[in-house]
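Written below as structure tokens is the structure these notes are about.
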């Protein structure tokens with residue numbers, strides 16, 4: 001396994017928190033720590049009239065969030081390499097901190113072609 005990739009959809013979130021760049025910076029930093037990841041850099045941008053995008057560069061890969069306060073929605077992407085981190089923990093913290101009433105989480109393992117080749121069974125001809 002190369003790593004784990006989590007895609008999180010957050011619905012019915014706290015509109016004010018989704019538009020608060022400082023809050024999101026703190027929350028992203030905490031989420032990275034909760035996942036057991038090492039934060040290398042964090043870039044955020046607040047859009048006018050609303051919305052924030054945040055991108056955390058992790059030693060293990062990345063965490064990103066894009067918010068639409070007017071819809072109470074946030075799109076989150078967490079990818080971590082190796083098996084020592086827990087991206088689901090970052091997702092759970094973000095869900096709680098943004099007050100999402102509903103969410104959808106998709107999680108899957110990233111594999112190298114060699115690992116996939118050994119996992120795929122070809123039927124005998």
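Note that Cβ sites are derived from N, Cα and C of the backbone, with glycine treated the same way.
Copied over from Swiss-Prot, here are the features:
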ACT_SITE  61  active site, schiff-base intermediate with substrate
ACT_SITE  66  active site, proton acceptor
ACT_SITE  81  active site, proton donor
MOD_RES   61  pyruvic acid (Ser)
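Around the Cβ of the residue listed as 'active site, schiff-base intermediate with substrate', the number of neighbouring Cβ atoms within 10 Å comes to 21. Note: the CA-CA distance between the residue listed as 'active site, proton donor' and the residue listed as 'active site, schiff-base intermediate with substrate' rounds to 6 Å. The Cβ neighbour count for the residue listed as 'active site, proton acceptor', using a 10 Å radius and every protein chain shown, is 16.
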